[in-house]
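Features as listed in TrEMBL:
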- Glu254: active site (ACT_SITE)
- 13-482: domain 'Aldehyde dehydrogenase' (DOMAIN)
Amino acid sequence: MKEIKHFISGAFVGSASGKLFDNVSPANGQVIGRVHEAGRAEVDAAVRAARAALKGPWGKMTVAERAEILHRVADGITARFGEFLEARMPGHRQAEVAGQPHRHSARRANFKVFADLLKNVANEAFEMATPDGAGALNYGVRRPKGVIGVISPWNLPLLLMTWKVGPALACGNCVVVKPSEETPLTATLLGEVMQAAGVPAGVYNVVHGFGGDSAGAFLTEHPDVDAYTFTGETGTGETIMRAAAKGVRQVSLELGGKNAGIVFADCDMDKAIEGTLRSAFANCGQVCLGTERVYVERPIFDAFVARLKAGAEALKIGEPNDPEANFGPLISHKPREKVPSYYQQAVDDGATVVTGGGVPEMPAHLAGGAWVQPTIWTGLADDSAVVTEEIFGPCCHIRPFDSEEEAIELANSLPYGLASAIWTENASRAHRVAGQIEAGIVWVNSWFLRDLRTAFGGSKQSGIGREGGVHSLEFYTELKNICVKL
């Protein structure tokens with residue numbers, strides 16, 4: 001059984017308190033590791049190590065020197081990707097991922113792309129007139145923001161953590177990562193990769209634990225952290241925002257969503273079905289960008305529901321390392337209790353259960369796992385809990401609409417605005433509707449198609465700020481203007 005320690009100032013260390021918690025397999029409910037829980041002492045040590053590293057060799061490196069090291073980190077992730085898979089990326093088809101290099105290219109790209117981006121970004125400069133006629137020159141200089149608190153989620157632990165750590169380090173910052181208590185090993189393994197790549201001690205630190213009265217709270221309350229980046233639930237984001245307000249620290253928050261898929265009658269049905277199967281059920285529905293609401297134009301409603309039902313029922317439930325499985329468990333028994341409660345709520349509210357709605361029968365060795373069925377409903381009111389609240393499970397409610405205006409109104413009816421997917425072969429309609437959807441990301445005839453240079457983030461209660469490309473550069477650096485009188 002693995003013992004998972006913190007990574008502080010280049011060393012793996014335990015907790016002074018001796019407190020540990022279990023890391024449990026979602027597939028069978030068995031304990032697979034014991035994790036050290038950080039107290040204030042460990043969090044403080046990690047922050048102090050990061051602050052010291054800013055004043056050490058890392059803080060004196062050029063952009064090119066940092067980029068060279070981060071390229072080695074990216075190569076290290078590739079070389080040890082099998083171990084990262086073993087660290088349990090929940091719900092993923094691990095055998096398939098291992099056989100397709102492009103599936104892990106995003107994780108390494110999070111280091112390479114952002115490292116290279118900084119080498120090609122020019123600082124702004126402006127000449128200005130002065131009363132004496134000699135003029136002056138203004139130019140901007142970017143400096144690292146400092147110590148960044150990175151609070152990363154469990155649903156895509158390596159991808160979403162490196163999405164934050166990559167640009168933060170490329171910009172010259174040092175980080176303290178608090179990974180989800182559900183997926184602690186990924187961040188710890190990355191510490192080994194950092195060591196091997198020659199990242200100086202203190203640049204990358206990891207503390208394990210929970211949110212309130214644990215590592216998460218201790219990190220967000222620490223006065224020597226300069227900024228926070230967080231992906232997770234809206235309520236937790238609000239808590240982090242309140243803590244960061246003391247000391248006026250900046251935050252980048254990618255929060256919850258109840259995203260809408262909009263399927264027009266002129267869509268390519270095959271593409272719309274394939275895309276909606278992914279957006280509703282990928283990673284067992286544990287993707288913040290997923291579409292738990294699907295609006296389908298009435299002329300194709302019945303056909304769409306029938307085909308999506310067939311697709312959902314064709315999913316093979318099994319362990320993430322089963323080469324034939326394409327639908328895994330929820331992350332733990334906490335959502336295993338939450339998600340079926342919504343399944344029951346849907347029935348109580350009068351839903352038609354198209355498929356699923358329960359817990360599958362599993363072999364004896366998997367009976368203790370966090371398994372639920374992929375589920376589709378129709379017939380619920382627009383204000384029902386299942387339609388308005390983020391479930392974060394493998395389910396969707398499908399509702400017909402009769403006009404473009406109605407579809408837009410329905411999609412925008414909730415206080416969330418993270419993402420949306422539109423399916424239509426009418427280019428004018430695609431641009432027109434996408435422009436009116438209140439969301440940070442709108443896909444047309446695709447889903448989860450990402451370019452690291454583009455802005456990523458949510459609107460309304462789905463987040464604050466944007467990361468990706470130059471937007472990450474803006475968050476992870478401070479821009480100073482220098483005015484020189486000539």
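Note: Cβ is positioned from N, Cα and C throughout, glycine not excepted.
Around the Cβ of Glu254 (active site), 27 further Cβ atoms fall within 10 Å across all displayed protein chains. In the predicted model, the domain 'Aldehyde dehydrogenase' (13-482) has a mean pLDDT of 94. Classification of Glu254 (active site) by DSSP places it within a strand.
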